[in-house]
């Protein structure tokens, strides 16, 4: 080993000094040793192995002379000593550290000054805006500034300089806390995006060539739609209300009566059972609380269970208008002051009514209080991509930010579950809306048109099951998209009486969002118009396109990263929307022209995936888009090699666009491989204290690691012996009351113990639900909040995309195995002739 180290040192010294003569001499000696000397000659043999690690003297091959020649040329003329690279890196790091130390103090001072300025403006703004004259003056000046900035003509260099200045400001204030820095970023983003759109409309359409003009108008239409959604989204969420809890009166006699409706159709009793028991356990005066199970499935086992549990079981003669009709039938048969509605898999916490009802007593015009839809099981994205509870899920943006933003404009709408409605206003509008398949949002719109208020409380007070498969997830979103398009067509919020401007814009954005299918497909196919047909969809030099388009994209991502980061990471929205785009395209288009078509589809819950499988039917649109994109890429590369030089930059820009599309499509096909899901009952991971009591009477303080509706996982202290098959008791604390539950030990792995409960009675099962699913703090701190980094998020999306293509290749492996085997062997031979770093070990396969 010491000889090898000596050789390595010699090599580094020779190459660091750029001494080619000495290098050639040493290599010649090594070559002679390799060819002529015995393998028993230690020094020369070691030299040969050091300089030519991939040449085996024991068994020569026809490619060895080629390997030796390439290695010699590479060693003498190409390879640089690693030591020199390391020295350069250390020198650079030292310079950077010195620079940072020298400039840290001024930077900190400037940051404090910026933060202080925003704080002062925040305090001063309300005083300035009290004056009508000041508001009018600010509006006029702002409008003139915006119009001037958007329409000012500039060449590429001036445009780049101005937008780089905007970019620098956005980057500077991005990490400054407070609402005003975000508003500044929104203003900059609106200016840059509006300037881009103005340039697109006025300067980038080639009207002289019909093909160019046709493709350009199609793309521009999609961009106008995207710009509209961007602006409406900023308006909707710029200042979330973040409503708190309103206190109830101390006198319980002032608390109103509440009817709880639990509608069901085809869900198994195992799914509905915990919801019914949790509803009975809600903290509310029992004489003012009534629970109703509304069974459109008309099942005897449900009737029997309701009789046993002491809740009212209700059926109706027909199933007209699906869920909305079911609720309306119950509305006419009950008489509580308020109605709380839970989907049959949404298990409420004990505190649900105490957290929500205070606002009704505070505001007589309040007709609706909505809380988030929280899910304790992974949705298809979370399960198939293995990101459950580590990344924001698809729903978090809506329930975490958008509904809070809607609340500022008094436009938070009913979401069908986890909500309370006031009976009087609901009966005034004729009950739950039945004209569309999204009865919940339409009901809220009708209430708002009559002047009633709504409220959103962003505290999870119930939790349920997410969709079990990608196909059922897409089916649910198709219904939402169709329903929103129906409302847009039949009861457009932009027209008609009763809504203020903020409400109109919030409802319009919620409905227009579901029309993103066509624009998303246009963005996916747009680069092909140029690469395959030579159509200039943006008739401008590549430099101008970059000067206008890149700042528009960068500013929108920076702003949304700051604003939406905790609820949706950058670039994930593109993946979500791409998965759904093809499937919502048709129902939304049909609903615009034939809004009465379509029916209510019930989302299946509680299903199983017995094994992993690839959903070819769902993924087929993505595979077609990938094939077209690869065809376009092939044509683009061919045009780079054979086309005119003045098109190189345009081709390169379209190839970059196409590559981005392929990355997003890779994420879509990654989700299409369904993960295995064989648990009948989902486990919820927690970290809570519990007590384990053995059959010998010994008790131990343990940790509750997870629970389901009939089992739990425990961590026991070291030294405690628990045998599989033994009978134990697990004591859990809820609302300062401790309850012990009989259980059988079903698994033991080191200090991890799995138990299955044996409930002695329905009352004991209810106590368990109360101690687990229905705790007031059951769903707080569900996922650690993560700050979004666009670069990191893009890297994650790329990783998911590569995994998607890997999964796709694996599906074709049985067919491609022989071809792949030949390619691998050919590559191994090619790789074997490549030069190697001296002294590096070479594996047997080259």
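Backbone N, Cα and C atoms are what each Cβ position is placed from, and that goes for glycine too.
Whatever TrEMBL says is automated annotation, not expert-curated.
If you check TrEMBL, you get these features:
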- 132-150: transmembrane segment (TRANSMEM)
- 156-173: transmembrane segment (TRANSMEM)
- 180-198: transmembrane segment (TRANSMEM)
- 213-235: transmembrane segment (TRANSMEM)
- 260-430: domain 'Glycosyltransferase 2-like' (DOMAIN)
- 521-550: transmembrane segment (TRANSMEM)
- 622-641: transmembrane segment (TRANSMEM)
- 648-672: transmembrane segment (TRANSMEM)
- 677-772: domain 'PilZ' (DOMAIN)
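If you look at the transmembrane segment (622-641), the same-chain residues 6 or more away from its ends with a CB under 8 A from one of its CBs are 524-525, 527-528, 531-532, 578-579, 582, 647-648, 651-652, 654-655, 658-659, 661-662, 665-666, 668-669, 672, 808.
Counting same-chain residues at least six beyond the ends of the transmembrane segment (521-550), those with a Cβ under 8 angstroms from any Cβ of the stretch are 156, 159-160, 163, 195-196, 199-200, 203-206, 209, 211-212, 214-216, 218-219, 221-222, 578, 581-582, 585, 625, 628-629, 631-633, 635-636, 639, 649-655, 657-658, 661, 665. Each residue in the domain 'PilZ' (677-772) has a pLDDT score, and their mean in this model is 91. Counting residue by residue with DSSP, the domain 'PilZ' (677-772) contains 10 helix, 52 strand, 34 coil.
When each of the listed stretches 156-173, 180-198, 648-672 is scored by C-beta pairs under 8 angstroms to the transmembrane segment (132-150), 180-198 comes out highest.
Away from its own ends, the transmembrane segment (648-672) comes close to residues 380-381, 384-385, 470, 523-524, 526-528, 530-531, 536, 541-543, 545-546, 571, 574-575, 578-579, 614-615, 618-619, 622-623, 625-626, 629-630, 632-633, 636-637, 639-640, 797-798, 800-805, 807-808 of its chain (Cβ-Cβ under 8 Å, at least six residues beyond either end).
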